[in-house]
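Summarising the annotation, Swiss-Prot assigns 5-phospho-alpha-D-ribose 1-diphosphate binding site to Arg51, Gly52, Arg88, Asp111, Asp112, Leu113, Val114, Asp115, Ser116, Gly117, Lys118, Thr119 and lists sequence analysis as the type of evidence. Sequence annotations record features per position, and here Swiss-Prot assigns GMP binding site to Arg88, Asp115, Ser116, Gly117, Lys118, Thr119, Trp157, Ile158 based on sequence analysis. The feature Mg(2+) binding site is assigned by Swiss-Prot to Asp112, with sequence analysis given as support. The feature xanthine binding site is assigned by Swiss-Prot to Asp115, Ile158, with sequence analysis given as support. Look at Swiss-Prot and you will find Asp115, Ile158 tagged as guanine binding site, backed by sequence analysis.
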Amino acid sequence: MSTKDPNRLPHEKGFHISWDQIHRDSRALAWRLDGLGPDDGHWRAVVAITRGGMAPAMIVARELDIRTVDTISVKSYHSGGGKADQRREAEVLKSPDADIMGDGTGILIVDDLVDSGKTLELVRTLYPKAHFATVYAKPQGEPQVDTFITGVSQDTWIFFPWDMALQYVEPYRGTD
């Protein structure tokens with residue numbers, strides 16, 4: 001029986017995603033979405049939630065041959081790193097083209113992850129008929145997403161490749 005360490009930070013339960021993995025999972029998302037669009041199975045456009053949704057949205061758009069791509073920028077975290085990353089109310093910093101969006105019908109909105117669901121909840125109020133897809137989903141945010149590939153526990157911190165830097169690490173033994 002395991003016990004939780006009260007001194008362990010939540011992000012210490014990590015799930016590291018490589019570029020290869022996000023590519024495979026984003027392609028799997030595209031395959032799952034193929035044929036689900038309201039226009040004979042096709043989608044009118046892909047909208048990426050920046051910044052995390054940009055890479056998955058690019059891959060989904062390529063796989064489904066969707067040429068109309070836009071972004072919506074929503075800020076719901078203070079990104080100071082570590083303990084400074086605290087949730088706050090979500091706010092839209094940049095909206096997609098209104099002529100494309102309408103009420104969201106035929107629009108595929110893509111993000112890398114749904115965590116608390118606050119970001120998707122805000123975007124869903126703006127585009128209630130859009131289809132919301134994420135590569136990864138945590139239980140608290142799952143009600144806000146229509147399609148996702150992999151579920152992860154709420155206390156898991158996902159390390160995406162665009163957030164990681166390669167750096168030298170000392171070997172366990174010796175330095176020569």
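The backbone N, Cα and C atoms fix where each Cβ goes, glycine too.
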DSSP three-state assignment for Ile158 (GMP binding site): strand
Three states by DSSP: which one describes Thr119 (GMP binding site)? helix
Measuring Cα to Cα, how many angstrom lie between Arg51 (5-phospho-alpha-D-ribose 1-diphosphate binding site) and Thr119 (GMP binding site)? 12
When you put Trp157 (GMP binding site) at the centre and draw a 10 Å sphere around its Cα, which of the binding-site residues Val114, Ser116, Lys118 have their Cα inside it? none
Whole-number Å value for how far Ile158 (GMP binding site) lies from Ser116 (5-phospho-alpha-D-ribose 1-diphosphate binding site) (Cα to Cα): 13
Just to verify: the residue among Ser116, Thr119 with the fewest other Cβ atoms within 10 Å, which of the binding-site residues is it? Ser116
If you skip the near sequence neighbours and keep only those at least six away, which residues in the chain come within under 8 angstroms of Gly117 (GMP binding site), Cβ to Cβ? Gln140, Gly141, Glu142, Pro143, Gln144, Val145
Cβ neighbours within the same chain of Val114 (5-phospho-alpha-D-ribose 1-diphosphate binding site) - under 8 Å, at least six residues apart: Leu120, Phe132, Thr134, Tyr136, Ala137, Lys138, Gly141, Glu142, Gln144, Val145, Phe148
